[in-house]
Every structure is written in structure tokens, then in C-alpha cells.
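Reviewing the structure listed below.
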Amino acid sequence: MNIAVVGLSHKTAPVEVREKLSIQEAKLEEALTHLRGYPHIEEVAIISTCNRLEIYAVVSDTEKGVVEITQFLSETGHLPLNYLRRYLFTLLHQDAVRHLLRVAAGLESLVLGEGQILAQVKTTHKLGQKYKGIGRLLDRLFKQAITAGKRVRSETNIGTGAVSISSAAVELAQTKAEDLANRRISIIGAGKMARLLVQHLLSKGATDITIVNRSHHRAQELAAQFPQASLNLQLLPEMMQVVASSHIVFTSTAATEPILHRENLTAALDPNHALMLFDISVPRNVASDVHGMEGIESYNVDDLKAVVAQNYESRRQMAQEAEGLLEEEVEAFDLWWRSLETVPTISCLRTKVETIREQELEKALSRLGTEFAEKHQEVIEALTRGIVNKILHEPMVQLRAQQDIEARKRCLESLKMLFDLEIEEQFG
């Protein structure tokens, strides 16, 4: 078995491609079941965020497993394979392991060191278990990645003052609008991103903020976290009325189709009304046909890169410190993974030795006579089992502890030959 990751991110694909491959949580079980149905995929987990879609898999055949994942992505996004491949990356074995640890640590994020991705990795692990996508290998890998992410944040300063997608969007809005305190601002959506938007808008002096959401209860929960802000709450049917009266609109919903487009904006807006749209959703909430509309400035997540770049240089040194910690975690996982190669051989050897012990014990007890056997069987049983365990213990400990891959393979081959073991290979 080997580990592979196939995916795309803000580094390899623009938002118009990423949004086609975004997998919402409601569709995750179906996607995992579909992937597990391929003949060469044994375990699978999916990280889907606004900046990345990555599929981690344990594959019985590396090349065929990667082809199956690529085929799945092509079908999911309704994208031709030749077109899709130019945006995909594929990492195998230790490179795949290292990549996930870097993702969890925030080193692969658009916003270097941002903390939200660690929560998303935890969610991927939890849902992968719930929907039976994750097995022994990916369970251990994701736990190692979560440990790595926590270590990087606790043992380095990379997370201190890190901007997020939401804070970068607010920063960009302030740059474009100059004074947020005198602007009517609306946020469409009431999830985690919306909460962060409110938090950063308030810190920049915004005072007139309206939340528009499908669920009034969800909007109330958000408003309750900022009692001092007196947030205005509106339901989705009033969305266009709110947009028409706003100077700045942020969109952060889980809608799979655009909710703002040329048609409804043209109908709702006064011809002389100036509006700024900041769309931090993937799939996009603002349609591409909005670009070029008179009086409207529209920005999406890919437009945040300039804001993030200002923050990047000061964080690069901290990222280098984090790399050393990640290598320790990569090595820890690699040692565990490689030790699994010994499991079939050790198990087979123990089974064979135990069979011999039981056979020889039965012969000895029959020669000793029924009365003696019944009286002393437990003692003799414990004696023989103790001898076997003592003989096998030290070689097995040394075998598991052997870090040199080639040396371990030679030891395994020697055991197979010397004891004539017939083993079905489980890990390659």
C-alpha cells in the first residue's frame, strides 16, 4: 500500500477552476463512497476549502490509484482530463505525508500560518472516519498532521498576528474605501467566515453592519457574539434590498451557484450607486458577468494575494523554523509506517511457533499420563508459552526498531526463508 495526494490549490489553479471541484460537506459522504468504490483505492479523505481541493488516498497500485482519483475529479467538475491535468498536482509516499503536515501547519495556505486550516484538517479527519473513508493508515497520518499543526503554532510564532482570508478581505476593503466607519456594510452569510468578517470590520471602526442569512436563528447566534455592535439582521428574501442600500458587500455563503449577478444587480441598483463586492466564497457567490458593470468594483479570493504578500516576508523566517518541527513529525510517521512491513512476518512467525508449541505440548502431556497432565497442565502450558515469548521477544523488538529500510527488508527475507513462512504482502 502507498499514500498519494491528488489535488489543486490557489498555487496551481484560479478560482474559476477551484469552484468547479469544490465538494460541500453535504456531498462528502457520496464522494467518499464513490472513491472507495474504485478497485485500487483502499482509504480516502478529502480536504475541500476555498483555496484547495485535495484527495488523500491509500492505494494498492500507485499509478492506477492516481488515474482513478483524476478520473473522479474530471467527472465531478465536468472538466476534460487534458484541461484538468494542467492544474493538478500529484504527490506520492513521503512527499504526500510531508504535504499534509505542511497544510495542517498553515505553510501551504494563501495566508501563511493562518489557523483556520488546522480546524479544517480536523474536520476532514472526523468526517472521513464517520463516512468510513479513513482506515488505519490515513487515521494515523491525519493524527500526525494535527499534532504537527499544533506543535508549529505552540512552538513557533508563525500564528501570531497572522492574517486570514476574512481579515485580508477587510484590509482590501479598507484600502479601496479608505474609511469603513462611514460606510454601510452588509455581509451575506452567517458562518465562520462571516463571524471573522464582523470581528475585523469592527476592529477597523465599521459601525453600520447588516447580516443577511437564510436562517434567522443562525444570524441571531452570530449577532449574539458581538452584543456591542448592534448588528442589523435580514433574511435572504431582503438580500437585494440590503445590497442596493450598501456601499460594501461581503459574500461568504455555501451556495453552489452565484447569488449576485448582472441581472439582479442591474434590476436592484440605482444607476448612480457605487458598490464594492468582496466575494470570499468558493464556489463564487458573485458571477463573473458582474465584472465591468458601471459603478461596481468586484473582488474574489484570488484578488487577496497582494494583501497577503505584504504579510508574507515577515513570516517567512518563522516558516523556516516550522520546517524543522515538521520534519520530526514526518520522520515519526515514516517510522511507524515502515514498521507495518514487519507485522505480517511477525504475525506469521508467531502463528507458526504457537502451532508447534501446541503440538509438542499435546505429545508431552499424552506421554506423562492423564493424572499428571490434568494436575500440571496449566503450569506446563505457562512454561512453554513463556519460553516461546522470551525467545521471540528480543528479535521482534530489534526488527521493529530497525530504521534502515534495506536492512529491515533483509531481516524480513531471512526470517521468511529460515522459517519457511508463507506471507501475503500487505504493505509495499
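Cβ coordinates are placed from backbone N, Cα and C, and glycine is handled just like the others.
Noted in Swiss-Prot for the protein shown:
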BINDING   T49, C50, N51, R52, S109, E114, G115, Q116, Q120  substrate binding site
ACT_SITE  C50  active site, nucleophile
SITE      H99  site 'Important for activity'
BINDING   G189, A190, G191, K192, M193, A194  NADP(+) binding site
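Of N51, H99, S109, Q120, all annotated as recorded positions, the residue with the shortest Cα distance to G191 (NADP(+) binding site) is Q120. The distance from the Cα of H99 (site 'Important for activity') to the Cα of A194 (NADP(+) binding site) comes to 29 Å. In this structure, the CA atom of T49 (substrate binding site) is 15 Å away from the CA atom of A194 (NADP(+) binding site). With respect to Q120 (substrate binding site), the closest of these binding-site residues in Cα terms is M193, chosen from G189, A190, M193, A194. Taking the mean position of the Cβ atoms of G189, A190, G191, K192, M193, A194 as the NADP(+) site, the remaining same-chain residues with a Cβ inside 8 Å of that point are I187, R195, L196, L197, L222, S252, T253. The binding-site residues examined here are T49, N51, Q120; by Cβ neighbour count within 10 Å, the least packed of them is Q120. Here the candidates are the binding-site residues G189, A190, K192, M193, A194. The one whose C-alpha lies nearest to that of N51 (substrate binding site) is M193. Each residue in G106, L110, V111, I117, I165 lies on the same chain as T49, C50, N51, R52, S109, E114, G115, Q116, Q120 and has a C-beta within 8 Å of the C-beta centroid of that substrate site, without being one of the site residues.
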